Amino acid sequence: MPRELDEDDVRIRPGRGSRPRTRQRPDHAEAVPAVVVGVDRGRYSCRPQPWPDRLVAAVRGGSMRRTSVVVGDQVALVGDLSGTDGVLARLVRREERTSVLRRTPDDTDPAERPIVANADILVIVCAVTDPVPRPGLIDRCLVAAYDGGLAPVLCLTKADLADPETITELYRPLGFPVVATRPDQDLTDLHSLLTQRVSVLFGHSGVGKSSLVNRLVPAADRAIGEVNAVTGRGRHTSSAAVALRLPAGGMVIDTPGIRSFGLGAVSPARVLSAFSDLAAAAAYCQPGCEHLAPSADCALDSAVTGGGADAARLASLRRLLAARATPL
Ligand SMILES: Nc1nc2c(ncn2[C@@H]2O[C@H](COP(=O)(O)OP(=O)(O)OP(=O)(O)O)[C@@H](O)[C@H]2O)c(=O)[nH]1
Ligand SMILES: [Zn+2]
């Protein structure tokens, strides 16, 4: 029996997915566009665009063996797309990604690898208390979001137990939405941010992420658990990202078991690009300036003293740049 390749066999290229697809064949013109909503050991659960209520299990076609495919990827399928149990379609193309979140290497997995593609928003879920908030972790998530091309949202859970103001204040200069949630209030603010968008939820164990997912996604759609029935349950289940449909459109991607995002290859320039107000002043820095601390090389401090930039924004940028180097 030929050995089946899976996600673990893929060598992640250092670039950002710009390899020309010379193997693309014209006979795939009729392939059906679909989005990947679950991945398990080389099997992909996909929702075809023309039949979004259908879950089709697929494997990568021959020309795709070295192409990484993750939850959120836009792909093209050929073959039997009926979604019948036990039937496998073939995945013949992966479209360019608009964003990529990467998982940090760990003891069992030495490669930094993509876990979610094409998400618009990273929702960083953090409890106001119990467990105590860890701004260092939030900062690392922010770096991963800016680097991966996602807009961050901070969701502060358990606002019924403590005042979210201290932590909200810390992030105010960054200008992204901060939403506080509590069990006795509805999730209107969060719904309006996430509806019609693709968002990734990330949070450490105990912060209330599962409670949030259950409130955002009605029980019926949780039947996405079927994904695992289609593709088989196994060792990867606990760390696999799964895309769930929001009632009013859009998807939330849950990332159970993922403890942090990869920051190994993050460049200061990509983080800086999320600070448009400071990016212009940074053009006056010496080449190679990492903007980490006040120095003769860094033009950002004089931009602040000259009134062209905000001190709190610069402090936030420096905290994020420093967070890259701080282990969790
Ligand atoms: N008071 C209060 N408790 C909450 C809130 N959200 C969640 N909890 C409680 O916090 C505990 C953890 O919630 P979970 O939803 O399981 O948290 P999780 O982040 O999914 O944790 P894991 O399942 O371990 O990954 C549970 O006892 C919840 O009832 C909240 O807004 N307020
Ligand atoms: Zn600088």
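First residue shown is number 1, and so on along the chain.
The backbone N, Cα and C atoms fix where each Cβ goes, and this holds for glycine too.
Annotated features, as they stand in TrEMBL:
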BINDING   THR157, LYS158, ALA159, ASP160, GLY203, HIS204, SER205, GLY206, VAL207, GLY208, LYS209, SER210, SER211  GTP binding site
BINDING   CYS285, CYS289, HIS291, CYS298  Zn(2+) binding site
DOMAIN    108-261  domain 'CP-type G'
DOMAIN    117-259  domain 'EngC GTPase'
REGION    1-31  region 'Disordered'
Cβ under 6 Å from an atom of ligand 2: which of these binding-site residues qualify? The list is THR157, GLY203, SER205, SER211, CYS289. CYS289
Listed binding-site residues are THR157, SER211, CYS285, CYS289, HIS291, CYS298; which sit with C-beta under 6 angstroms of ligand 1? THR157, SER211
Secondary structure at SER205 (GTP binding site), reduced by DSSP to three states: coil
Take the mean position of the Cβ atoms of CYS285, CYS289, HIS291, CYS298, the recorded Zn(2+) site. Which other residues of that chain put their Cβ within 8 Å of it? ALA282, GLN286, GLU290, LEU292, SER295, ASP297, ALA299, LEU300
In terms of DSSP three-state secondary structure, what is the assignment for THR157 (GTP binding site)? strand
How many Å separate the Cα atoms of LYS209 (GTP binding site) and CYS298 (Zn(2+) binding site)? 40
By Cα geometry, the one of the binding-site residues (CYS285, CYS289, HIS291, CYS298) nearest GLY203 (GTP binding site) is HIS291
Helix, strand and coil totals (DSSP H, G, I; E, B; other) for the domain 'EngC GTPase' (117-259): 55 helix, 31 strand, 57 coil
Cα of CYS289 (Zn(2+) binding site) to Cα of SER205 (GTP binding site): how many Å, rounded? 37
Candidates CYS285, HIS291, CYS298 (binding-site residues); nearest Cα to SER211 (GTP binding site) turns out to be HIS291
Return the average pLDDT for the domain 'EngC GTPase' (117-259) as a whole number. 85
